[in-house]
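Here the structure is laid out as structure tokens; the discussion comes afterwards.
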Amino acid sequence: MGVKAALPRYELYFYNVVLCTAMLWAARWIFDVSSSNSNRKTFKTSVQPGWYYSGRKMDTADVEWMMWFSTFREHVIFALSGHVIFAKICSLLAPQYRSLVFMVYGMLAVFTSMGWAYVTLILSHCVLLYSISLVKLRWLCFVAGLTTLATFKMEPFISWQAGFVTGSFELRPLLFYGGCGFTIMRCMSFALENCEKKDGNYSILELLKYNFYLPFFYFGPIMTFDKFYIQANNPNLTRKDGEMWNICLQGLLHLGVIMIVAVLLHFMYILTIPSDMKLLKNISDWALVGLAYLNLVYDWVKAAVMFGVINTISRLDHLDPPKPPKCITMLYVFSETHFDRGINDFLCKYVYNYLGGKHDNVLDELIASLCTFGIAALWLGPGWVVFIWAFLNCFGRNFELWTAQNLSFHPQMAISESMSRRIRAVFNTFNFWTIVLYNVLALNSLEFAKLVAKRLLLKGELLVISDQFKCILKSKRVYCP
């Protein structure tokens, strides 16, 4: 949807100065508020005592971050370290059986954390969808998979299946829904690939190897079955020059980012401040929108670290997993707004590209987008926030296609690629801020999102101009939703 072209260096510097100035202005205000208001009534529930030697409290509003990197940190490290050790031993002694070892260790880890009833529930869904895949009808596999997925999103099916898992383990509900949801998606990928297999069928053992790979089991990312099958069963385990060094560097980078985020949460309460509407009503437009923007950057960092840690482990297993999400600072089109690239690859391969063809027809693109975001809404769980998210994505994606087709320049027109890039950036400013607003709605409260939208639409002329500059910087051509 964009044009890659070089811009004058002075122009690039100017755009970067505008963006960085706005973010530094907002960061200074957030730091001042965090330092002087740590005892506010609205802060007491989420701003808790932090590191003793820092002398400051810590923003603990993000339950997911605290769960993985504080409360259950030792459990996560223990389980993943065991996987790495056993996988390495098997790779050295019997590389042809390493996918089987992945499965056995994964099943034992799931059994230990969730119990035999949960493992039985997962196996029953695997057997059901495997049986349906033997018919080799794509539509039937889709209907069965989506129906099964819906049973984990709607009552009374949720409560009935959740009743199989008992106990007071704090992380158990999260593991239950994560493991079940990703299991259904992996089974669908397996079933659809089995439909494409011309000679015979894949065995159910291959499905179990694919599903019970522990690093991907509970929280993804999803790696489509065709890729996993080839890579996990590849007996050639040689690495490229410098690959192991890159993996180690990647691991150290993620560790460093975790430490930096922990430090920032002691000095900038970006997650708690949006809940104090009384405080927010008196701040400047720059500070308010900067706060919203920093919330999105934080959410990307969290996703990048969580997926990045898992990706590092899977790379040690000689797999090539989906890449971490793209930073919000690098986005300007709806076609790149996926935080989970595994889900994005799944939807592109089996739905969006399958129905949309070459993506040059508005009607085909609309049908493909509706089906893609309909499945995405079911995956995320039906709700008004999800429906708004899906609508804005679907509209934005088709708006981009319509704009590209109706504003295409005639080949004989004397216009440079740089100028074309600037013009496209102006038209995509609306898209960028819609991306920001629906993510603010999903991450924070409705009141905060309404306040940001009101300030942005009524008082945000300078912000619109600055983000036109940023859109010019980040133009890129992509096709997936």
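The backbone N, Cα and C atoms fix where each Cβ goes, and this holds for glycine too.
Copied over from TrEMBL:
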TRANSMEM  12-31  transmembrane segment
TRANSMEM  76-94  transmembrane segment
TRANSMEM  100-130  transmembrane segment
TRANSMEM  137-154  transmembrane segment
TRANSMEM  174-192  transmembrane segment
TRANSMEM  212-232  transmembrane segment
TRANSMEM  252-271  transmembrane segment
TRANSMEM  283-301  transmembrane segment
TRANSMEM  366-392  transmembrane segment
TRANSMEM  425-446  transmembrane segment
Quiz item: Under 8 Å, at least three CB pairs between the transmembrane segment (283-301) and the transmembrane segment (76-94) (pairs 6 or more apart)?
Solution: no
Quiz item: Between the transmembrane segment (252-271) and the transmembrane segment (100-130), do 3 or more CB pairs sit under 8 angstroms, pairs being 6 or more residues apart?
Solution: no
Practice problem: Using a Cβ cut-off of under 8 Å, list the residues of the same chain at least 6 residues beyond the transmembrane segment (366-392) that approach it. | Solution: 146, 149-150, 153-154, 181, 185, 343, 347, 351-356, 359, 398, 434, 437-438, 441-442, 481
Quiz item: Relative to the transmembrane segment (252-271), which of 12-31, 76-94, 212-232 accounts for the most Cβ pairs at distances under 8 Å?
Solution: 12-31
Exercise. Give residue numbers and ranges for long-range contacts of the transmembrane segment (76-94): same chain, 6 or more residues beyond its ends, CB-CB under 8 A.
Key: 68, 101-102, 105-106, 109, 113, 214-215, 237, 309, 313, 316-318
